[in-house]
Amino acid sequence: MNFAEREGSKRYCIQTKHVAILCAVVVGVGLIVGLAVGLTRSCDSSGDGGPGTAPAPSHLPSSTASPSGPPAQDQDICPASEDESGQWKNFRLPDFVNPVHYDLHVKPLLEEDTYTGTVSISINLSAPTRYLWLHLRETRITRLPELKRPSGDQVQVRRCFEYKKQEYVVVEAEEELTPSSGDGLYLLTMEFAGWLNGSLVGFYRTTYTENGQVKSIVATDHEPTDARKSFPCFDEPNKKATYTISITHPKEYGALSNMPVAKEESVDDKWTRTTFEKSVPMSTYLVCFAVHQFDSVKRISNSGKPLTIYVQPEQKHTAEYAANITKSVFDYFEEYFAMNYSLPKLDKIAIPDFGTGAMENWGLITYRETNLLYDPKESASSNQQRVATVVAHELVHQWFGNIVTMDWWEDLWLNEGFASFFEFLGVNHAETDWQMRDQMLLEDVLPVQEDDSLMSSHPIIVTVTTPDEITSVFDGISYSKGSSILRMLEDWIKPENFQKGCQMYLEKYQFKNAKTSDFWAALEEASRLPVKEVMDTWTRQMGYPVLNVNGVKNITQKRFLLDPRANPSQPPSDLGYTWNIPVKWTEDNITSSVLFNRSEKEGITLNSSNPSGNAFLKINPDHIGFYRVNYEVATWDSIATALSLNHKTFSSADRASLIDDAFALARAQLLDYKVALNLTKYLKREENFLPWQRVISAVTYIISMFEDDKELYPMIEEYFQGQVKPIADSLGWNDAGDHVTKLLRSSVLGFACKMGDREALNNASSLFEQWLNGTVSLPVNLRLLVYRYGMQNSGNEISWNYTLEQYQKTSLAQEKEKLLYGLASVKNVTLLSRYLDLLKDTNLIKTQDVFTVIRYISYNSYGKNMAWNWIQLNWDYLVNRYTLNNRNLGRIVTIAEPFNTELQLWQMESFFAKYPQAGAGEKPREQVLETVKNNIEWLKQHRNTIREWFFNLLESG
């Protein structure tokens, strides 16, 4: 699953106990205060335009409204029960019951928004029992289950019931079932019915418009625990089985599933039954089927496999790039892994409303449209890179995840960390000039180091015991930290050994399940190095070290935490928060390495190749290791001087690494902020994408803390306006250059606008006005900048309404997303309030985009408090619409991360106390509370130092 748009659902309401009236009053007062703060800005925020009226949203049938009632069926066939007399009270399924094959048939009734189905499961039983239990949620059993012995004799079923606490349906036989013998299998048959609306998980319907006509598509999304919403199943990843799937669908529709079509049969004049070939053994979360009226774009792999993309007919041309990148990366992975793709075909389909970024269903990958469809005339370079990386990510899964699957969700990183790492290798092969190996620093390594320096982080391998906990581990630690440590590991054991180990692992465990230790064993065999001993320290405890350099060559390690007040020994770790570290360094262009063993408590001394022994050792070149490095102040000063004299002394990745380390160390009170800020003095000569991205990230934190500081904020603005101006002027407001240059231009022009540069803002406003007047077609790589900063600088009600009209008119999802950001950037609280109200209009704002819009509004200084207050006021609505198991709902509370006052912290704590059931949002709540507490302390500790640096700089001219 691609998580970058960062997003299973249970459709039930959670009853919560309200806290004392006083707490409710506190939250209420906080909301009033927050709204009042926003309203004080409304006087001058309407711009110079006259009154306007928002266009009426197009009234399309809603595809994801809450279901009005259950499908027609007998609700009492398998009634809910609290019977806890058996093992079904346990969260995990028993080892003695294992599915071998599913015959699954479904029939979607599109006009009724319901579906019916039948599943017959062949079961191997290794111990006697009278009970069989498997997963089921929301979908209902419509007929008493049937059970047959291996002999074919019928077994009388006494009763069935739902044990909702663990999402099971339990079937009780009249007599004991004896263990299977030989090839004999029990056969359990269940008929069921479910809803197609109200959710973006399980089996659901959504709509799109073609030539003015509203059309429907139905599809599935099952990871991690939502196959049970579509059909009764043993919904755990190590319960692999084969599947024969059939779908009865309207004749004018086509059907897709994991496997190729085996046969199509006419049922009557309205219905066709499509049956698919028997699958290979696979986990339930990979089962997929869809019913559609799409066109296709096809390629053939070097090994002869058909690679097909299904897309709305009007958008067929936008699938060409994805088709090309699919073939290139697919061929590369078949060669790299030395293993052919396992199925006869690979399909992809763009779903108009899709809750995650993409889903790697074996043989039928589903995508959000923004991650598959690219129009070179309308999409930006960043959109193209996004399509390429998501396509590559999902292709990796066809090997890591599908052929070999983690045994349990605690090892999710074996799927997602690997896909996040290899996506860069795949795109690097297909797009050789994109610097994808270096971009891994920007996308994964450095961002997740911030997450992993919190006390509320978690180990890569983490115990999960509920569906909510399973959902919550689809986060930056599993994806980006997983990717980052694989990058370090590949470098340590050498790429050829890493590749060989991956091949051995896939060969040994194909069509099976594996654990992290199995992967370490394969790499140890390939490299003859103590991989498990080293890597356990990176996967079985949270966090990472900072290496302190004493003198020139002596280094010690210590856990790095952003909060200097935190206890570095908590929560307890068997490994004591020490790491076995592959340390690498360069000296006079000579690279050396050593393994820093955690048992060396006093540290180690690096061997110098320079006879004088005084040469500078650049430790962790290109930030290849997942750790930070803190030099002595004198060394940092020398680095600042070297950057000023000739910044190209260091590689672009090293410059990004040094800047990121310095600002992170300063934030953690391990380095004076003056030292970190000195590193930025050279930036007028910086022309590379990597360092600028990390500078912008570091500065964004500082300006978010001082946004309302009327003395200090203008000084920060003035300084960074000056630093970014040379590169901004050099690149200009055009769309020239190669791929990385276009990414750089978008970043630095956006930073210039963010810093209040009048020339940049005027350029954005001028282009915005020309776009409003229809006199110019905006360059694709400037559109987001113009929509955002043109709206921010000169937007009013008329321009806002026009932008909303364009959002409704365009069919390209990537353009819609940019326009949504533009709408969120207006400095007018009345329009922002209207925008927030539109989030409940499912005909206008797709279910997949609601949290995206809230986040965009929170980036607006006028909308920061409004977005947070809207979440609080509409929490019950959001829970009912998305459920607490939705990871996007759980994470939306992180929009409060820039908060930095005791009042804001109090409001957050009161809100969480009022709604204590967090579902998949437990960790995000911990993280945002920790971050806000850190922010409050940060202001106390660092304001004067930072003020002094900027004041002295401006005083000296």
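Here the Cβ of each residue, glycine as well, is placed from N, Cα and C on the backbone.
Zn(2+) is bound by His393, His397 in Swiss-Prot, and the record lists one more residue there from Glu369, Glu378, Glu416, which is Glu416. Of the residues Glu223, Glu496, Glu507, Swiss-Prot places Glu223 in the same substrate site as Gly357, Ala358, Met359, Glu360, Asn361, Arg887. Note on the recorded positions Asn361, Asn773, Asn801: the fewest other CB atoms within 10 A surround the CB of Asn773. The glycosylation sites in question are Asn197, Asn589, Asn597, Asn763, and the one with the fewest Cβ neighbours inside 10 Å is Asn589.
Mean pLDDT, taken over the topological domain 'Cytoplasmic' (1-18), works out to 41 on the 0 to 100 scale. If you draw a 10 Å sphere around the CB of Glu360 (substrate binding site), it holds 26 other CB atoms from the protein chains shown. For the pair formed by Ala358 (substrate binding site) and Tyr479 (site 'Transition state stabilizer'), distance between Cα atoms is given as 14 Å, rounded to the nearest Å. Packing around Asn340 (N-linked glycosylation site) is summarised by its Cβ count: 12 other Cβ atoms lie within 10 angstroms of its Cβ, all protein chains included. Across Glu223, Gly357, Ala358, Met359, Glu360, Asn361, Arg887, which the record gives as binding substrate, the greatest C-alpha separation is 19 Å. The local packing around Asn607 (N-linked glycosylation site), expressed as other Cβ atoms within 10 Å of its Cβ over all shown chains, amounts to 12.
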